[in-house]
Amino acid sequence: MKKRLFIWGGVSCLVLLASIVISISMGAAQLPISQVWLILLHQIPGLSEWITVTWPESSEQIVMKVRFPRVVLAVLIGACLSLAGAGFQGVLRNPLADPFTMGVASGSAVGAAFLILFGLQITFLGAWSTPVVAFLTGLLSLWIVLGLANTQGKLQTETLILSGVVVQAFLGSLVSFMVSLSDQTVNEIVFWLMGSLSFRGWAFTYVLIPYLVIGGMVLVSYARSLNLFALGERQAAHLGVHVDRTKLVVLVVSTLLTAAAVSIAGIIGFVGLVVPHLVRLLVGPDHRILLPMSAICGGIYVLWADTLARMLLSPTEIPLGVVTAFLGAPFFAYLLKQNKRFRKR
Amino acid sequence: MINVRNLQKSYQDTPVLHGIDFCVDKGEFFGIIGPNGSGKSTLLKIISGVIKADAGDILLQEKKLHSYPRKELAKILAVLEQEGLPPVGFRVREVLEMGRFPYQNWLGEEKQDVASLIDEIVQMLGLEHLEERTLDQLSGGEKQRVALGKALIQRPQVLLLDEPTTYLDIGYQIQLMDIVRKWQKTTQVTVIAVLHDLNLASLYCDRILMLHRGKQISVGAPKDILQSDRIEAVYGTRPIVMEHPVHHLPQIILQSQV
């Protein structure tokens, strides 16, 4: 198991690193890949004296101020969403579960749409208003879903999913109502809903990192419990797993990861649904490998989706959520048709 | 080993178990029989600690069942269910390893060398050629053997069987029960089995508890429990009871009422 984790992890980390560098070199001003390497290595404290500066100041500005933060943010958002997706699919044992199952996305959308509709985006917390409010309303929707699904201290999986769907439908209608109310600002709400990573500096990255690190560690520590869940909740209980505690912790952590990502980048669909499935096809169902691999591959996926989003119709940007679904859905459909093992599941 | 004292359980005001009171000794093969809806499965779920009784106590090694932490309980008590394992993509060996969960620390490590223990059980159950297969490639009988292997790898002192032969053909039924019986004789574990098949219960159980509508009808040796009057009173059909020519235990033969 450990050997497989190191091999898969090592390979995917290399792909991730290469993707980061290649993506940074792409843009309105093309930079040579070797230059991007040197600029990045130059930032590492011990290495800077060994590297002579052969690039113009402007290149370093573009890399460090514009592209690198965006690329890192894309990787983090993708990792958060995929990790959350793997968590939801594992604990609900439902292939259709994704980060938005618990109604988090709609909850966040209600908060964001409300602020945008009344022009309050920058009133109380400056640029942070929308992310903070979206995060809080996202959590509120989780709280409602858990409250609905809770019957005498037990969380039944089917009830959870149904509660999520109900809350999502209700909140979704609220968002649509707000969109219909605002004639002039329609585009802004709709654009937020479709997700984007433009104009988000390092500060947002720093906010996401603790969520990803702590959330990731908690989920990985539950990996073996999730493996037992795959055999059925009763089997897991017989082997000494605290079924209800595991469910609650994994759901809450996955939701926090989702809410953090959504509040910063808007709703980026399909990543959390598809990436864990793809990884499962590659490495099998063992959550000890599946969870970390989902995080890395999710990062790679959103990174490339965002690169396409800013490159394809440059200087116009395509909404990120559009790209992720537009690429992901056909690819997923292809795999669905191809893979026999997958069809059985 | 296990002391069940005056157990009561209701689901939404409908009593499903009342006045259940019996003891199971160490190393005993104890059977629970009764018609559909008699409360057999509920009783087994209570003994396994998944659901709680409304009143009464279960003592496991002189200690209350609910005073054991979940993982400690899983070291003493293992359960084999009737559906066995779902068709997921885990390999047989990975599933067997999962049986060690109660012994592992949070990193998934344990002091003991597990590989040899698993090899031993793989050999005993004849799973050598299936080790690298995934569960979704196995037949029902093979899956049930893997599930039994997983339970044995838990190294329990009490093994609970919940109608383990329901979905198996007669060959696999005898094979599974024989493995359990043989293993029980060498390790002196206690087995409590809910069984649908009265003939199997008679062949393998030292004592049998008969339930009817949540009440305990009687506890005793197979020849005392499996009598046609008693079976007719509980199951509503009168079978012919005969002595098994080889094992000298009661076996029942059904008769049509038409």
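Cβ coordinates are placed from backbone N, Cα and C, and glycine is handled just like the others.
Taken from TrEMBL, the feature transmembrane segment covers A:68-88, A:100-120, A:132-149, A:161-181, A:202-223, A:248-275, A:318-336.
Counting Cβ pairs closer than 8 Å to the transmembrane segment (A:132-149), the top stretch among A:68-88, A:100-120, A:202-223 is A:100-120.
Counting C-beta pairs under 8 angstroms (sequence separation of 6 or more), the transmembrane segment (A:248-275) fails to reach the transmembrane segment (A:161-181), with fewer than 3 such pairs. Remote same-chain partners of the transmembrane segment (A:161-181), defined as residues 6 or more beyond its termini with a Cβ less than 8 Å from a stretch Cβ, comprise 92, 94, 97, 100-103, 105-107, 109-110, 113-114, 117, 141, 144-146, 148-149, 189-190, 193.
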